[in-house]
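Listed features, source TrEMBL:
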| type | residues | note |
| --- | --- | --- |
| BINDING | ARG72, GLN90, ARG95 | substrate binding site |
Amino acid sequence: MGHSAGIWDQKSEFEVVKDWNGISQVVLRSPRGASARVSLHGGQVISWRNDRGEELLFTSSKAIFKPPKAMRGGIPICFPQFGNCGSLEQHGFARNKMWSIDNDPPPLHPSDSDGKVFVDLLLSPAEEDLKCWPHCFEFRLRVSLGMNGDLAMISRIRNIDAKPFNFSFAYHTYLSVSDISEVRIEGLETLDYLDNLCQRERFTEQGDAITFESEVDRIYLGSPNIIAVIDHEKKRTFVIKKEGLPDVVVWNPWEKKSKSMTDLGDEEYKQMLCVDGAAIERQITLKPGEEWTGRLELSVVPSSYCSDDLDHFRS
Ligand code: TA6
């Protein structure tokens, strides 16, 4: 369970530990020292470290580690909705629920496990969930760590009900950056976006990379499947590859909103940036028996390359 057969089984590590609330976490370690940590609370990746032990995801110093609230940081899973609509909490209930380790998941493509250490988690609706969202589903999440330290997440959501249902989805990814004013995003140029600061009014992005001088809260629509987040000060670039996730949420709360958030340090907006692979504008519709898959892969490369085009990263 939890890793593919292969030459480095003896080196890759899959360990279940308990957190300070007694909640299980799964630690994945690659042979070169990279690691990822997934909490069974919310199926949330709460840490992703490179082979030098550097933390690549942001976690608020004032995060509340007390269920059912999701910890502010890491990669919360937003399902079945993203943003305020209807009776559910803002980003859905999946990130506030206890998941289980799935010991017998339906098979995935071999490339989804070859050379990786991984864990398969499962979320099924509890009685109280069915009261607020009356749809039977199975949500399987595979979190894997590649030999080179890349982090991959595969969500498979199956409708096991007798009627269709719709949902929105996001991997709410809190990236750790050195200084938000030294960060730019490439790959979203010229796209339309919905601006959450203007009642989701639709605008069109101008032609150059996105940089940050104030609060940004946007949903970019119909985005390419490769996005680069360049941290100039750290000379490193996050490469985000995705499938089944047409939209990208970009969010930085900036100073005023940070000060109003109890679980975020007043100045911590400078060290974080949410860039979320998502499916929001057009909800996903599943008929009975149908399954949707949303893949995200995060890697980090040195920023010494010329960033004029993203073809560097198309493998
Ligand atoms: O667009 C991202 C966003 O919806 C922001 O409007 C802000 O509310 C943020 O997510 C909240 O994230 P949280 O992790 O607190 O649910």
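Cβ coordinates come from backbone N, Cα and C, glycine included.
In TrEMBL, annotation is done automatically, which means it is predicted and not curated.
Structural mapping of features recorded in TrEMBL.
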| residue | record | Cβ contacts under 8 Å, 6 or more apart |
| --- | --- | --- |
| ARG72 | substrate binding site | THR59, SER60, LYS62, ALA63, ILE64, TYR174, MET261, ASP263, LEU264 |
| GLN90 | substrate binding site | GLN81, GLY83, ASN84 |
| ARG95 | substrate binding site | GLY42, GLY43, GLN44, ALA70, PRO76, ILE77, CYS78, PHE79, HIS172 |
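Residues ARG72, GLN90, ARG95, recorded as contacting substrate, have a largest CA-CA distance of 14 Å.
Mapped onto three states, the DSSP output places ARG95 (substrate binding site) in helix.
Cβ atoms within 8 Å of the centroid of the Cβ atoms of ARG72, GLN90, ARG95 (the substrate site) belong to the same-chain residues LYS69, ALA70, PRO76, CYS78, GLU89, HIS91, ASN96, HIS172, site residues excluded.
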